[in-house]
């Protein structure tokens with residue numbers, strides 16, 4: 001999976017970055033367009049808006065499960081073939097989502113969509129790495145990621161507009177012409193990538209790790225949407241922890257585990273992974289929770305809720321240079337402890353937002369939160385990867401991607417469980433607006449506290465950890 005070091009290979013088609021960029025954009029747009037539409041989808045499916053989190057979690061969890069297998073599949077069957085298959089599965093999942101008559105059907109369709117999404121991003125990045133010499137990678141990868149950065153900005157606005165002007169089904173149907181075009185163009189211009197010998201894949205480790213992710217996620221959902229008995233939740237939690245322990249024992253006796261335990265002997269990596277997990281439990285829930293809050297608690301229309309999210313996305317993109325400056329000026333320990341505390345306080349501060357607060361203050365608050373959140377992601381990701389080298393770089397990057405998806409899905413499950421817990425046993429239609437607002441406020445305070453827990457993790461960093469940071473090592477989230 002290493003990039004080429006020379007220019008002796010055939011000059012790659014100029015269409016390659018465009019194809020990968022469009023695929024990235026399609027996936028990033030889909031990841032943000034859905035959240036604004038959830039209340040409208042709930043009405044259409046005769047569900048409570050507070051029970052729609054499974055549609056988001058199913059996708060994220062599927063992506064997290066399949067990321068470790070993406071590189072092996074590309075080596076085994078060819079990167080172009082897998083990339084085309086990913087586009088087809090993503091498009092098929094989109095069609096099934098649009099045709100879904102029930103929440104259960106929609107959730108299952110999101111799993112199909114997630115299989116395609118899990119393969120599309122890493123295999124597309126792998127195609128870039130194998131098609132271009134090392135000297136061109138920064139330029140090409142920078143071009144490829146630009147459309148993806150616009151997804152969080154356009155997604156909420158477009159999602160709100162679609163459900164007001166058309167129906168929620170078109171949120172998924174718009175993927176079909178893009179997917180069909182991408183499939184055909186990929187077959188014409190992407191290199192086959194069939195000449196790489198695939199290493200043996202750690203199927204046992206893959207199953208154990210996947211089982212742990214699924215059961216831990218279900219244990220949190222069991223407290224909320226699934227309304228399982230406490231004994232069942234405890235059983236799922238114990239099964240998840242046992243699967244993690246079994247994977248640890250398996251990896252210690254395997255030559256090529258999917259995630260090497262040697263990664264956790266690197267101080268910055270282990271603290272970065274733990275910090276990522278706890279910080280994203282709070283911040284990862286915000287893209288799901290906040291559009292829901294604006295519509296169900298404050299009474300915003302879908303389009304207005306989407307527009308209100310725009311300052312957050314704009315500030316997040318604009319804060320990238322600030323993250324680079326801060327990490328060059330101050331230590332990781334200083335940046336992450338202070339910024340993580342600010343992040344948790346700002347999440348909890350959403351409990352002060354109501355219809356009595358002037359809208360311009362809400363916009364400013366969202367913009368500041370977006371900047372703080374962006375700095376947090378950039379600093380955490382760079383810290384996690386900065387000391388990895390050699391064969392550990394690929395495995396560590398893959399595990400970071402898995403943890404990011406897993407933590408966000410767990411954060412959504414936890415926030416939904418808290419929200420349903422504060423609502424109580426009342427049917428959504430029977431709740432007074434003040435009760436809904438109070439439940440959201442209490443949920444924001446709780447997930448803000450969850451994020452602040454990560455401060456204690458980052459305090460364990462050495463004052464000079466990550467000192468080799470430069471302008472080329474700061475990672476995008």
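Counting begins at 1 with the first residue displayed.
Quick reminder: no glycine exception, Cβ is built from N, Cα and C everywhere.
Annotation source TrEMBL lists transmembrane segment at 16-36 (among others).
The domain 'Major facilitator superfamily (MFS) profile' annotation in TrEMBL covers 16-466.
Same-chain residues lying 6 or more positions outside the transmembrane segment (56-74) and placing a CB less than 8 Å from one of its CB atoms are 1, 31, 34-35, 82-83, 107-108, 110-111, 113-115, 117-119, 122-123, 126, 193, 196, 198-199, 201, 206, 209-210, 213-214, 217, 221, 258-259, 288, 394, 398, 401-402, 405-406, 408-409, 412-413. Annotated transmembrane segment per TrEMBL: 56-74 (among others), in sequence order.
Nonlocal intrachain contacts for the transmembrane segment (86-105), taken as residues 6+ away from its ends with a CB within less than 8 angstroms of a stretch CB, comprise 23, 26-27, 30, 45, 47, 51-52, 54-55, 111-120, 123, 169-173, 175-176, 179-180, 182-183, 186. The feature transmembrane segment is assigned by TrEMBL to 86-105 (among others).
What TrEMBL lists as transmembrane segment is 111-128 (among others).
Among the features that TrEMBL reports, transmembrane segment is placed at 140-162 (among others).
Annotated transmembrane segment per TrEMBL: 168-191 (among others), in sequence order.
Per TrEMBL, the feature transmembrane segment maps to 203-223 (among others).
Taken from TrEMBL, the feature transmembrane segment covers 229-249 (among others). Below 8 angstroms of C-beta separation, residues 205, 208-209, 211-216, 218-219, 222-223, 261 of the same chain, each at least six residues beyond the ends of the transmembrane segment (229-249), sit close to that stretch.
TrEMBL lists 335-354 (among others) with the feature transmembrane segment. Through the fold, the transmembrane segment (335-354) approaches residues 275, 279, 282-283, 286, 290, 293, 298, 326-327, 362, 365, 368-369, 372-373, 375-376, 379-380, 383, 437, 440-442, 444-445, 447-452, 454-455, 458-459, 461 of its own chain, all at least 6 residues removed from its boundaries and within a Cβ separation under 8 Å.
Counting only same-chain residues 6+ beyond the ends of the transmembrane segment (360-386), those with a CB under 8 A from a CB of the stretch are 268-269, 271-273, 275-276, 279, 283, 286, 308-309, 311-320, 322-324, 326-327, 332, 335-336, 339-340, 342-343, 346-347, 349, 353, 393, 396-397, 400, 461, 465-466, 468-469, 473-477. The transmembrane segment annotation in TrEMBL covers 360-386 (among others).
Residues or ranges marked as transmembrane segment by TrEMBL: 398-419 (among others). Residues 50-51, 53, 56-57, 60-61, 63-64, 67-68, 71, 122, 213, 216-217, 220-221, 223-225, 258-259, 263, 272-273, 276-285, 288-289, 381, 384-385, 439-440, 442-443, 446-447, 450, 477 of the same chain sit 6 or more residues outside the transmembrane segment (398-419) yet have a Cβ under 8 Å from a Cβ within it.
Residues or ranges marked as transmembrane segment by TrEMBL: 439-459 (among others). Residues 271, 274-275, 278-279, 281-283, 285, 289, 293, 296-297, 332-333, 336-337, 340-341, 343-351, 411, 414-415, 418-419, 422-423 of the same chain lie 6+ residues outside the transmembrane segment (439-459) yet bring a C-beta within less than 8 angstroms of a C-beta in it.
Here the transmembrane segment (168-191) has long-range neighbours at 12-13, 15-16, 19, 22-23, 26, 30, 33-34, 37, 40-41, 44, 79-80, 83-84, 87-88, 90-91, 94-95, 97-99, 127, 130-131, 159, 162, meaning same-chain residues at least 6 beyond its ends whose C-beta is under 8 angstroms from one of its own. Under 8 Å from some Cβ of the transmembrane segment (111-128) lie the Cβ atoms of residues 1, 16-17, 20, 23-24, 27, 30, 58-67, 70-71, 73-74, 79-80, 82-83, 85-94, 96-97, 137, 140-141, 144, 190-191, 193, 398, 401, all in the same chain and six or more residues away from its ends.
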